[in-house]
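J.: Got a structure for you, questions after.
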Amino acid sequence: MSRQQIVTILAMSCTYVSSGLCYSVLGPFFPKEAEKKGVSQTVIGLIFGSFAFFTLVGSVILGKYIAHIGAKFLIVAGLFISTGCTILFGILDRAPAGTTYIALCFVTRSINAVGFSGALTAVMAIAAKVFPNNIATVMGILEACTGLGLILGPPVGGWLYQAAGYEITFVVIGCIMFLTIPLNMYVLPVLNADVSHGSYLRLCTRIKILSVSFVVFMLSSGIGFLDATLSIFTIDKFGISPGTVGFLMLGMSLPYGLTSPALGIISDKYPFSRKWMMFLGGVAATIGFCFLGPLPIFHIESQLWLAVVMLILIALSLAVTLVPTFAEMLTYAYEYGYEENLSTLGLVSGLYTAVWSAGTFFGPIVGGYTTQRLGFEWAAGVQGAFSFLAVSKKE
């Protein structure tokens, strides 16, 4: 591996860690904080989901025009926007309760999402360009960095919230994100802007790409479901604090981050294994969600240790399923005649980020609604059914 490749993956890794940190920091305390402002469970789900929705919109648009904008500029500008919005989100506790608070939450999160989508779409395109023969391995490393950010986010967020309050929590996270901007400006390569005329419509009508996209969509919806519902369920059911909820979420983030690099290596070395990885991971996710509550039909009492074990199983299943998907989508795009250039990488990475975001938009909204109507136990079972549906044709 050359020096340029080493520093490139270092910069991208820092971006993914800070992004995971920013995304997950809300989980332990924001739902309860929003409830104090008179926000319902369904609207809390919509606030979480709005981030994913505008990430979807931003990914589609920015992925299409990445060759015109420039991948490096897109990363730097996206991180700058995301940093500012993260800090601004920290002063929303001063807003009056009700409609004003809800509207400001939506606006801030939505703008943050556009910056976030630009940065991550460009990072994936650069990764595929700089490491053309080891895409799944690099994605595994980046997913591990995302896992590290997700690991650090809940306990750091819960601890900062308890020790320093709502506002300081977001100022600290925003400053951490800001530190990644000069690093990316200095070390990332400037890629040749070779433009082609591929389209999302043509890409999405290819059955193999559509099939993998559906897997990404359904599995990422599980993460969105947990973001919007897990903290309230565990606080109300087990009487634990927001800080403890943060450490509980370690049960999901830690195994995801630890196993992703090895799974990426396996995916690159044995490409034929990718379909089986997606199928087996989806089945494991189904089991995890069904026993997380657990489903009332099993007549098993909810227990904290069982929730932790199921979160670990869900994390492992997500890693097994999701790590090979980007490499698989890119392989299929080349099979369908797309050129091997930055425009194609932008289209595929934009589509990947878009369907991931669509899932994390769908998950909190549907999860918040089903939890409000049916209770967490049944809602988690429904999410498990979605996971099985996604991979039932992949074996």
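In case you wondered, yes, glycine gets a Cβ from its N, Cα and C as well.
Residues or ranges marked as domain 'Major facilitator superfamily (MFS) profile' by TrEMBL: 8-395. The annotation transmembrane segment is assigned in TrEMBL to 7-30, 42-61, 73-92, 98-123, 135-156, 168-188, 209-233, 245-266, 278-298, 304-330, 342-362.
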J.: Are there three or more C-beta pairs under 8 angstroms joining the transmembrane segment (98-123) and the transmembrane segment (342-362), sequence spacing 6 or more?
T.: yes
J.: Counting only CB pairs under 8 A, let me know which of 98-123, 135-156, 278-298, 304-330 has the most with the transmembrane segment (7-30).
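T.: Stretch with maximum Cβ contacts: 135-156.
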J.: What stretch, picked from 98-123, 135-156, 168-188, 278-298, has the most CB pairs under 8 A with the transmembrane segment (245-266)?
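T.: Stretch with the highest Cβ contact count: 135-156.
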J.: Are there three or more C-beta pairs under 8 angstroms joining the transmembrane segment (42-61) and the transmembrane segment (209-233), sequence spacing 6 or more?
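T.: As far as Cβ distances go (cut-off 8 Å, pairs 6 or more apart), the transmembrane segment (209-233) and the transmembrane segment (42-61) touch.
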J.: Which residues of the chain, 6 or more past the ends of the transmembrane segment (98-123), have a CB below 8 A from one of its CBs?
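T.: Distant contacts of the transmembrane segment (98-123): 12, 15-16, 19, 22-23, 34, 37-39, 43, 46-47, 50-59, 62-63, 66, 71-72, 74-75, 77-82, 85-86, 88-89, 92, 142, 346, 349-350, 353, 357.
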J.: In the same chain, which residue numbers or ranges, 6 or more beyond the ends of the transmembrane segment (135-156), come under 8 angstroms Cβ to Cβ?
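T.: Result: 9, 12-14, 16-25, 27-28, 123-124, 127-128, 173, 243, 245-250, 252-254, 256-258, 260-265, 267-268, 274, 319, 322-324, 326-327, 330.
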J.: Is the transmembrane segment (42-61) packed against any residues at least 6 beyond its ends, judged by a Cβ distance under 8 Å, and which are they?
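T.: Residues 23, 26, 30-31, 34-35, 102, 105-106, 109-118, 120-121, 200, 224, 227-229, 349-351, 353-369, 372 contact the transmembrane segment (42-61) from elsewhere in the chain.
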J.: Thinking of Cβ pairs under 8 Å, which stretch from 168-188, 278-298, 304-330 has the most of them with the transmembrane segment (73-92)?
T.: 168-188
J.: Averaging the per-residue pLDDT over the domain 'Major facilitator superfamily (MFS) profile' (8-395), what integer do you get?
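T.: Here the predicted model's pLDDT, averaged over the domain 'Major facilitator superfamily (MFS) profile' (8-395), is 84.
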J.: Mind checking which residues of the chain, 6+ beyond the ends of the transmembrane segment (278-298), have their Cβ under 8 Å from one of its Cβ atoms?
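T.: Distant contacts of the transmembrane segment (278-298): 212, 215, 218-219, 222, 306-307, 310-311, 313-314, 316-322, 324-325, 375-381, 383-385, 387-388, 390-392, 394-395.
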